[in-house]
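Record features, source TrEMBL:
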type: TRANSMEM; residues: 16-40; note: transmembrane segment
type: TRANSMEM; residues: 60-89; note: transmembrane segment
type: TRANSMEM; residues: 96-119; note: transmembrane segment
type: TRANSMEM; residues: 139-157; note: transmembrane segment
type: TRANSMEM; residues: 213-233; note: transmembrane segment
Amino acid sequence: MSPAPPPPSRARIRPWLVVGDLALAAAWVCVGALVKLLVYGPLGFGGRPEAEAVKVSLSIVYMFLFAWLEGATGGASYNPLTVLAAAVASHGGPAVYLFTAFVRIPAQVIGAVLGVQLIRFTFPNVGKGARLSVGAHHGALAEGLATFMVVMVSVTLKKKEMKSFFMKTWITSIWKNTIHILSSDITGGIMNPASAFAWAYARGDHTTFDHLLVYWLAPLQATLFGVWVVTFLTKPKKIKEQEADESKSKKE
């Protein structure tokens, strides 16, 4: 999950982002699959220990590329969790939430599905994507916890309004890759419902309880909780005291 682009003081609906969401989601799954093909194919690393290091290095490079594309498009994204976190953190109101949930996220899902179909058609040996290797509840806990930690860092950087594009992207890419490696043997460490759905759709198991719980419900809840925690922890002390006083007066 990439750092959410800093929104204006009050988010507004920008219909043109839907096209960018679809295109970036398609490109994201294609690039991720191509990196794996490159590492295990032409580069010939196979199952050697160096393979993971090369994959991480290449993933950092294309995360910088996608971060730049997000900025260049004015906020388009390839990850539903990114746009959801941005919508919630910006306090844009019901219209922004509904636009995000029922327009932007479906566009990202469609884009990811098209991207997977394209890459599988072009390279039939690309594989079938990450799979859940544990029970559904164990997997939901792992994917939720991984998402929560990534969201915490992304939203914190956004609220601090870090101006350095390089540092912001470097921190989030290193952090995301670390979490991905730690959870990859359990759920694949996807932390992207659109990508997870696209590969599951290609396999035909996108409607199973395990998929919906692990790759949709758990990360979406973790995103909302992560945004709430960061918002609470970064509130100015005066506002916290004022809210506490108001709560106390209501009880009395």
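Yeah, the Cβs are placed from backbone N, Cα and C, and that goes for glycine too.
Remember, predicted model here, so these are calculated numbers, not experimental data.
Listed as Cβ neighbours of the transmembrane segment (60-89) (distance under 8 Å, sequence separation of 6 or more from its ends, same chain) are residues 1-5, 7, 11, 14, 16-17, 19-21, 23-25, 27-28, 31-32, 35, 96-97, 100-101, 104-105, 108-109, 111-112, 147, 151, 154-155, 158-159, 165, 168-170, 172-174, 176-177, 191-195, 219-220, 223-224, 226-227, 230-231. If one looks beyond the transmembrane segment (213-233) by at least 6 residues along the same chain, the residues whose Cβ comes under 8 Å of a Cβ in the stretch are 80-81, 84-85, 88-89, 132, 136-137, 139-141, 143-145, 147-149, 151-152, 155-156, 159, 187, 190-191, 193, 196-197, 200. Note on the transmembrane segment (96-119): residues 11-13, 15, 17-19, 21-30, 33-34, 77-80, 83-84, 86-88, 90, 126, 129, 193-195, 197-199, 201-202 of its chain, located 6 or more positions outside it, place their CB under 8 angstroms from a CB of the stretch.
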